[in-house]
Amino acid sequence: FQKFCLSGFFNYIDEIVSTLGEGTFGRVMQCIDHRRGGAAVALKIIKNVEKYKEAARLEINVLERINEKDPENKHLCVQMYDWFDYHGHMCISFELLALSTFDFLKENNYLPYSIAQVRHMAYQLCLSVKFLHDTKLTHTDLKPENILFVNSDFTMTYNVEKKRDERTVKSTDVRVVDFGSATFDHEHHSTIVSTRHYRAPEVILELGWSQPCDVWSIGCILFEYYLGFTLFQTHDNREHLAMMERILGPVPSRMIRKTRKQKYFYRGRLDWDESSSAGRYVRENCKPLRRYLLSEAEEHHRLFDLIESMLEYEPAKRLALTDSLRHPFFESVTAGDAVGGKSWEGNRDISR
């Protein structure tokens, strides 16, 4: 794989410019595509390993459906330009995007996004994932790493108090990426989906899942944009449920009665030792959701109201994305803002 042979490859691509990222599946390269007038593209090159090739075929199937349903690329999902099989390596070419919303946060010392920036990113995310849901798809792996800026150029200001430079992204236009785990309604739904921190309670409790599990993930993502850290920082199911209870209140008894994961419960309640070291960790590191507010201003409360509706335990009661777009938090969003060209340059609206 390291010696990826390129003779004949240039029927498709002019030249490889740089490596954008690597994963278990293979790597993503920035390339020049002469058939697109010398445009820069992102090329995902999959290892010649059957399980990764099969995953790539499934992803291509989803991306083709997205292209078919959204030929003008209005719904903010990354656009696939083309795909080909090169000597057993599945290759997918995409529009070239910039840093992920996670990488930008990390490179900015986890300084959170401003409330106005959170609003714009949240609106686009709801719009994009609503389109997927309307297309009978569930993404299943929404997280800040899978939401990419179209352009991650930034302005820099020096924070005298913290003695450090702080970045403000110039444009919060984003795209949703990575459809490798996206599942159609009619397809087999694997028991466990999502990256741990963004995983919905119905998935942990193995009660079955559908589109609402994406909405839970979005709630977790918006919290992270607003505060700069993960809401549920854990790697264990029982601890994850304990954190949910500390932040959101008790798991509904209906879900406890229905789950086959009875080992997490005792007498209809979460079996959790408050006095253990894990119990102390949860108590000290988690608090009821509204206590994370950075301001008592109306727009901050509206954001938390939206997050709360997305973090409803019962999937059937969880906010649907159609309704999320009408939420008061988005009152000030204009259609123009939503799908292109929201600029933060020279904008001092950095109220956190």
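Note that Cβ sites are derived from N, Cα and C of the backbone, with glycine treated the same way.
These features come from TrEMBL:
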type: BINDING; residues: K44; note: ATP binding site
type: DOMAIN; residues: 14-330; note: domain 'Protein kinase'
Inquiry  = Helix, strand or coil by DSSP: which one applies to the residue listed as 'ATP binding site'?
reply    = strand
Query = For K44 (ATP binding site), which residues of its chain lie six or more apart in sequence with Cβ-Cβ distance below 8 Å?
reply = F25, G26, R27, V28, A56, C91, I92, S93, F94
